[in-house]
Amino acid sequence: MSSKSQLTYTARASKHPNALAKRLFEIAEAKKTNVTVSADVTTTKELLDLADRLGPYIAVIKTHIDILSDFSDETIEGLKALAQKHNFLIFEDRKFIDIGNTVQKQYHRGTLRISEWAHIINCSILPGEGIVEALAQTASAPDFGYGPERGLLILAEMTSKGSLATGQYTTSSVDYARKYKNFVMGFVSTRSLGEVQSEVSSPSDEEDFVVFTTGVNISSKGDKLGQQYQTPASAIGRGADFIIAGRGIYAAPDPVQAAQQYQKEGWEAYLARVGGN
């Protein structure tokens with residue numbers, strides 16, 4: 001596990017080189033939560049209702065905006081307003097995976113207008129380094145307008161059974177993150193990757209990549225489609241800074257109560273990890 005994982009969110013925020021990661025750690029500390037809720041619902045009303053009800057207990061809301069049947073300006077403006085009201089970030093789980101020219105248009109153009117409202121996006125590096133370079137280039141362009149309020153997570157590992165996001169793929173994810181560290185704030189992975197070394201790159205004292213771990217569920221070990229779950233304690237024990245929970249929260253009989261339970265367990269696991277630091 002990365003030595004930075006042993007530090008408090010406050011300590012990491014105070015020295016973090018990435019402005020959005022700094023803000024995220026500050027939100028987590030202020031609200032005492034490391035929960036990201038994956039709001040995989042299919043209407044704007046459901047999404048905004050969940051965001052409003054769960055907002056006080058989460059650090060991030062994760063969307064799959066293209067599964068909404070009625071995406072519109074109301075969706076964008078509603079999400080932005082609730083993010084401000086409840087002090088959380090928005091993570092669009094678009095998983096960009098195409099040539100650079102295409103992903104630039106998908107991110108900063110098109111009907112979904114992702115760059116306008118999503119603080120965090122993610123990508124797979126299967127197309128190669130160019131996808132990370134292209135997204136970073138877009139975010140640093142003079143006419144971008146959102147600057148340090150946007151960041152990228154590289155999908156370095158997945159929790160689904162038989163995932164091919166392993167080995168050299170994961171190592172290259174870390175290499176690209178180090179090269180484009182001004183825009184890449186961290187990874188979606190099952191563990192801390194800060195100690196990964198290769199012929200291309202090695203850890204530096206100042207780097208502090210944020211780790212989001214998916215597939216966190218208190219009451220289930222998996223589903224029929226290959227998803228493999230772990231608990232908040234096991235995820236954070238392996239190096240997760242933020243836990244991503246979907247059905248365990250939004251499909252619960254009482255989503256608010258479920259979010260509070262994940263908040264409690266996630267925060268206790270974080271406190272246990274940092275000890276007296």
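Every residue, even glycine, has its Cβ placed from backbone N, Cα and C.
Record features, source Swiss-Prot:
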- Asp40, 62-64, 93-102, Tyr229, Arg247: substrate binding site (BINDING)
- Lys95: active site, proton donor (ACT_SITE)
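Positions of the features from Swiss-Prot, shown on the structure.
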{"residue": "Asp40", "record": "substrate binding site", "DSSP class": "coil"}
{"residue": "Thr63", "record": "substrate binding site", "DSSP class": "strand"}
{"residue": "Asp93", "record": "substrate binding site", "DSSP class": "strand"}
{"residue": "Ile99", "record": "substrate binding site", "DSSP class": "coil"}
{"residue": "Tyr229", "record": "substrate binding site", "DSSP class": "coil"}
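A count of other CB atoms within 10 A of each Cβ picks out Asp93 as the most crowded of the binding-site residues Asp40, Asp93. Here Ile99 (substrate binding site) comes close to Pro127, Gly130, Ile131, Ala134: these same-chain residues lie at least six apart in sequence, with C-beta atoms under 8 angstroms from its C-beta.
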